[in-house]
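Asker: Per TrEMBL, signal peptide is recorded for 1-18. Among the features that TrEMBL reports, domain 'Fibronectin type-III' is placed at 100-196, 228-323, 329-422, 425-523, 530-627. The domain 'Ig-like' annotation in TrEMBL covers 846-931, 1059-1148.
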Amino acid sequence: MVSLLVVFYFFIWKYIDLHSTSSGGSPLPFSCFTGELLQNSEHQELKYQDQEASLRVSRAYKEDEGFYTIRVPSLGGCKEQTTYVFVRDAAAESAGAPGSPLNVKCHDINKDCLILSWIAPSDNGGSPILGYFIERCTAGSENWVPCNEKPVKTCRYPVLGLAEGQAYQFRVKAVNKVGISHPSKTSDPVIMFDPSKSKRVTVIPYDEGKMIEIFKDDLEGHIKVPLPPTNVHASEVREDYVALAWDEPDPRGREPLQYYVEKLLVGSNSWQMVNLDMPVNSPRFALFDLIKGKPYRFRVRSVNKYGISEPSLPSEPITAGAKLAPLPPPSQVLAFRDTKTSVVLQWDKLKDGLEPLGYYIYCRETGTEEWQTVNNKPVTCTEFTVPGLKAGKEYVFCVKSVSEAGLSESSPETEPITVRPAIARPSAPRGFVQLSCGKDNMTIGWKPPKRKGGTKILGYFLDQHDASELDWHEVNIQPIPQRVYTVSNLEEGHLYEFRACAMNMAGVGEVSEPSDLFRCEEWTMPEPGPPYDVKFTEVRDSSLMLHWQAPLYTGAGPVTGYYVDMCEEGTEEWKQINKQSTAATHMKVSDLDTEKCFIFRVRALNKAGIGPPSLASDPVVAKSKPGTNEIELGVDEEGFIYMAFEAPEKNDSSEFIWSKDYEGPPDADRVQTEEKGNKSKLILKDPSEKDLGIYSVEVTDVDDDISASCTLTQEDLDKLLKRSHEIRNPLIKLISGWNVDVLEKGEVRLWLEVEKLSPNAELHLIFNEKELTSTPTHKINFVKEKGLVELIIQNFCDDDKGVYTAQLQDGKAKNQFTLVLLDESFAKVAKEADAKQREWKKKQGPYFVENLKWKVTENCEVLLTCKATNLRKDTNFQWFFNKKARTGGVFDLQTGIGTLRIKKITKADEGQYKAVVSDDRGEDYTQLDLVKGNFEDLLKELCRISALSATPLKIQPTDEGIKIYTDVKYYTDYMKTTWFHKEKRLEIRDKLKAGSTMNQIWLHILNPTDADKGKYILELFDGNDSHKLSTDLSGQAFEDALAEHRRLKEAAIAEKCRARVVQGLPDVATIMEDKTLCLTCCISGDPYPEITWFKNEKIIIFKDRYRMDVKGTVVTITIEKVCNEDTGKYSIYVKNKYGSEIGQVTVSVYKRGEIPIGTEEKEVPSETVTRKPK
């Protein structure tokens, strides 16, 4: 027996390996072929070694795709197996680019031109192929040169301009809108030659094998100027080109010929030479870029070194540009079951004698959109076996015709077909065993066929043979449905053998080999008979489940248990697995060595002992098969708890057999089963603790074991019940709870987001126990596909205070979500809504873009600024302080900047500042509260700048002492000042005085002494930082200051003690005649000054009417009975050693009845009137 192992899918540039192994015996010769016998070559290697045959193809291309057959001769005749090798396109450099073309071939080879053809790729990358690019190179080089600038639309192209005698190779690339494919496989090398040369040579044999060649050209030496060619015609007409051919002139002459081609547009009289710069050497030429749909005539001239011929006769009219239409797709594409991984396709040939280059086949798994390519090399037959499909999956197929014009449209899709083996007759039963025996009867059992034929076994036909007779006899006429049968009417003591055959829908299968001979002798042994039907399920990497049937013969008593034995295949070392007998007819065997093959048998036990072993099981490898599925435990959309199993494959007659605890089907009152396709579902009707246990499932009528099990535990059940409750009482999932947004115009948006809802979802929005409906002022939006609930309130006010609840229902799912807008939460939203509404409204007219702010300048002035926009000429701007209009501000209408300058800020400037901009469109304001903390921040900044403006400390002597000071731009009491002397803080006392003015900070040292020498520091604290100034009052600086102080002190003393007229004398004194005039003043001075009075600068002698009284510092002069002579200027002169001073008064005497005009009268002592000029 020979088996063939093949890898089906290979990449371009990779290797193809085909392996075949022989089951034993001596090496056998073999042959491998793909329609032709394959031999060893540079790219393919055939080997046979260690009973293994292989074929290796290096650098595989799509041309290597096809059926490969290996044939091995044996004693029973030739054995062969065939497989289809699929060569897949390499991944495109640009995703979506087409596959590469294939089968590049050369035709009509001449001296300097040829016709190139190829086949379109099966895969266009998802978009139509726009054309092809051709490249050439000289054989043996890799210098590829493009042959065309624009893509060629058909799979055929004339290549011109080649060199005679040169070997060339070609390759082709396909292009679509995405990109360019990989290049095709390089064509076989071709040498350019003159195909007519052999026709012009005559060979004359002579002298026993020698030959003389006579060239016809040598006999035509008389021909000088050549004759014109003949038979000018179109050999090919395509959308992109017209290929011309003609016959050489006859006679042609000895000299080499070249040709010029001329064209004429039918209807004109102007012939044009089309290859003046490049005469051709062959009677072939292709013309491109002709006007499509226009008829042309062509003619040709011959030329040699002697001259050019007359033109040939014109060709018939030839119309260029006719588009070559693709062929139609094939019809009647049918799909048939074949094996568990393949399907057979058949289709009709094209009608009307159309012959395609082949067919491409495509498949698609139902439920998907993507078509897969089945073959990359066109098949020429109309029947094809599609390999490599997934067992149990459903597919549809279509076919495309391949021609020079490309690919046809797709054929109609086949009906969906499930990949399952075709129904066949079953193989023979096997493993006959005697299960019990009486005097004239015995019970026989057997194993089922290994191959069931893809359908249910309907029964068995059993034959018996008495060893003492020649003939076999039928045991039954009607098929036996079971694999156990009691044969009666036997002869006691005779030996019998049996054979059987199975029957299914396809018919009766092969007859088995005869069984061993069984003696018809009544069993009387006390031990039980052998168990039977030992089989395994749930085969995994290290475990399996073993099952058997109880023995039919129980012996002296009932069967009480079983022992299971195991051995590795190929050995006879049986090992008992269980130390204690098991009462069940099943057992899980664990801890097996993965990938090892085992055989099992079972022995029954009763009170008399252990009976004979069962017939050994089939060998089984401890390994999970690819595609093995387990039972899925879950909850469906209706909330039912289920166990589901999907079979990787099954037949039409297959059934899913469920079992609980391996004791038989689950209670029908507690479960129900559903089947769809390859999937079976076991649903628990009323889940409870009664349903806990092991559930297993097995698929019938398949050749390989398909089974699984799962254990339902209490923990699993609790989780599933919880999930079931959630599904049956579902809640709509919240994604984002209630959110409150205030929109630009002050509208309030209340919204929440839940999971995506169906179109049938419902919303009830409740506000303070009343359902809301959508209105222009309270708009409700319910976007179901986004799960969005939205309420937009236009004018948010106290009426909107309360509780909002969104009640949602979508099918069974429900939920509700509540938002409370009360107290602080409502007030916060209302405040923001009001602010945004005002902000929006104000922007309809003039409004501020920069709010009021303050700045302290370097000159310690406070500058308040703001900026408005959207202004007009009539826009008004006004400043306010503490709600009263304030003048002094400046507003620039062009820039919108308002400015208020406070030169010397004081406590009186603390308050609320406001700027208002308005016109007939509306008004806006900006407000700055310069109180408490804000005003304090301003003062801190003022102090900082003032401290930075302080000059270095200066020393100034005074009459009282020495003054140390600094000048600042502006001093305020908020600035804290501290004086230090010799690093010690000074305490202000009698001898030290500190103070400040608006622009100066000073320290006055009174009556300085040597103790006051040293370094003085002034610390200015602006509220945040300290600034220090210092000066050194010592050495010469102190001496100079002290000397100046003494000088100033003496001057001050002198100024203080000198004689002075302190007060009393008026500027003018007016008095009537005969009245008494009293002039009084105060004087000072130490020592007491000397006193002298003058009248008109003459000393007054006090006598008669003149008298002077001195009482302390008060001096009085009295003039009695004044008369006109007393009018004049009076002066008092006081003098002591420190100085003197003069006090003056003008006395005017007038007659009775006369009052001087322009004077104010005032009674003075002694009836004196004083007056002061205005």
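Every residue gets a Cβ built from N, Cα and C, even glycine.
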Asker: Per the definition of 3+ C-beta pairs under 8 A with sequence separation of 6 or more, do the domain 'Fibronectin type-III' (100-196) and the domain 'Fibronectin type-III' (329-422) touch?
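Answerer: Touching, yes - the domain 'Fibronectin type-III' (100-196) and the domain 'Fibronectin type-III' (329-422) meet the threshold of 3 or more Cβ pairs under 8 Å.
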Asker: Please identify the stretch among 329-422, 425-523, 846-931, 1059-1148 with the greatest number of Cβ pairs below 8 Å relative to the domain 'Fibronectin type-III' (530-627).
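Answerer: Maximum Cβ contact count belongs to 425-523.
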Asker: Average the pLDDT scores across the domain 'Ig-like' (1059-1148) and report the rounded value.
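Answerer: Taking every residue of the domain 'Ig-like' (1059-1148) together, the mean pLDDT is 90.
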Asker: Tally of helix, strand and coil residues over the domain 'Fibronectin type-III' (329-422) according to DSSP?
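Answerer: Helix, strand and coil residues of the domain 'Fibronectin type-III' (329-422) number 0 helix, 41 strand, 53 coil.
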Asker: Count up the helix, strand and coil residues in the domain 'Fibronectin type-III' (530-627) according to DSSP, in that order.
Answerer: 0 helix, 44 strand, 54 coil
